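Per TrEMBL, the features are as follows:
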{"type": "REGION", "residues": "1-27", "note": "region 'Disordered'"}
{"type": "COMPBIAS", "residues": "16-26", "note": "compositional bias 'Basic and acidic residues'"}
{"type": "DOMAIN", "residues": "34-545", "note": "domain 'Major facilitator superfamily (MFS) profile'"}
{"type": "TRANSMEM", "residues": "70-92", "note": "transmembrane segment"}
{"type": "TRANSMEM", "residues": "104-122", "note": "transmembrane segment"}
{"type": "TRANSMEM", "residues": "168-186", "note": "transmembrane segment"}
{"type": "TRANSMEM", "residues": "206-228", "note": "transmembrane segment"}
{"type": "TRANSMEM", "residues": "343-363", "note": "transmembrane segment"}
{"type": "TRANSMEM", "residues": "398-418", "note": "transmembrane segment"}
{"type": "TRANSMEM", "residues": "430-448", "note": "transmembrane segment"}
{"type": "TRANSMEM", "residues": "460-481", "note": "transmembrane segment"}
{"type": "TRANSMEM", "residues": "493-515", "note": "transmembrane segment"}
{"type": "TRANSMEM", "residues": "521-539", "note": "transmembrane segment"}
{"type": "REGION", "residues": "563-582", "note": "region 'Disordered'"}
């Protein structure tokens, strides 16, 4: 019997005999076509989210919010989506276990599209806030799409390549979304020869970027309806076959756990008793909600310009690369491991705290930057109260370039840097120097006009460089600090939930500080949080310094040349296949 009461699987010979590659996952082809299709769906979401970053501050003021409160209410707009998504994602996950991943994923996209149009048509702040909340409530795709990718890939050797596509398309969509919001908002003001002040886009100045984003999402829905295949395994109740392998059940596939414990009735059973089938479906949703609510790991994160969802049991560590640890760093197999006496030891707690502090000030930076750029100047020279008085085009350009910088740093610089200097050394120095990126920002306003732009770009580069190195390094050390593979899911869930909470709170809090104390106060409050992270290094256990050398297979090359690395190092396979239940 299995630990959680499942009936043991029958030998392969007693099952229906599928074709060879379905029998042996290692012979399964790389699902390139399906990954492209789901990548298009994934790409369309940051179009909508990132587009509002550029103009949410001026939109809030146009909707009647007083200027001194605009920063706070702008941050609240950004958090509303994530809060609603966290509340409803569990229900969508349970529903997908009954009715399939594909319909729920497409409904989620439709919810984002409807929310975007409603947001663009809003004439009051509360309607805009409601539109954002509804969009999050209708969208459970954070877990759904990640589960679909895991279910598509049956060959462990293909996992690094498959997971590399997700942060890549998210970042690419974020770049385009940021530029789109900056250049398409207020079209009657910036393109009067094309759009009239009394026309539709003159009366609704923020509708155009949302319509374009919604149009992109509708195209993604159409191609998904036609080409996307259902990935949820169908389990036969009468012979207790388990279609989902244990190794595929993890925090990236949280829905598989419920699907395995609560298999759907067979076709014959459904024909025999429709009432029994309906009762099964109803109880499945309820049981699924209870099952998923018990997993803190299923908390969703606030949408980010860079996809930061992670799973400690995958070899990517929230990057677009495959990261291999030396053999002595790999946790023992599930069979060899015993449940630890204390899951959340001091090292694990300290690393989760460090990640939460980082998640807070990074998300706050992303939302505070356009507010500061758009805010009016308060005084000449070094302005500690106001902003730079840039227009939406300028903000859109900076945000798009920021996304491009992020893509370059993660794709090209990260693997070289971390391999050269090591995990702990990279983490330590990035945390140590991080406060500088916040301390210097208010002083950029005192530079000559010709140097303000280069100064902003320098800060963006430092932010991207520090952030992209800190987070994966923390994840690598967190995995190594976990006392047993049997509790990786629990540790992963706690880390994800802590980061989610920090990101959700950061936007309205930094907005409130900006409204109460001015721009410099908001930036220096983030510096203070990052300084806490520096001080925390003093108490970081010495054992973390042993986690240093890794080998990184460049995910960009894996995407561009999908057949270049067909056979991975056995150490890499060991990591990628390591997925166990709590």
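Numbers run from 1 along the shown chain.
Glycine is no exception: its Cβ is also placed from the backbone N, Cα and C atoms.
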Quick one: do the transmembrane segment (493-515) and the transmembrane segment (70-92) have at least 3 Cβ pairs under 8 Å, skipping pairs fewer than 6 apart in sequence?
yes
If I count Cβ-Cβ pairs under 8 A between the transmembrane segment (430-448) and each of 168-186, 343-363, 398-418, 460-481, which range comes out on top?
460-481
Go through 70-92, 104-122, 398-418 and flag the stretch with the largest number of C-beta pairs under 8 Å relative to the transmembrane segment (168-186).
398-418
With a cut-off of 8 Å between Cβ atoms, can you find at least three pairs linking the transmembrane segment (521-539) to the transmembrane segment (343-363)? Only pairs 6 or more residues apart in sequence count.
yes
Which range wins on Cβ pairs under 8 Å with the transmembrane segment (460-481): 104-122, 343-363, 398-418?
398-418
The domain 'Major facilitator superfamily (MFS) profile' (34-545): mean pLDDT?
80
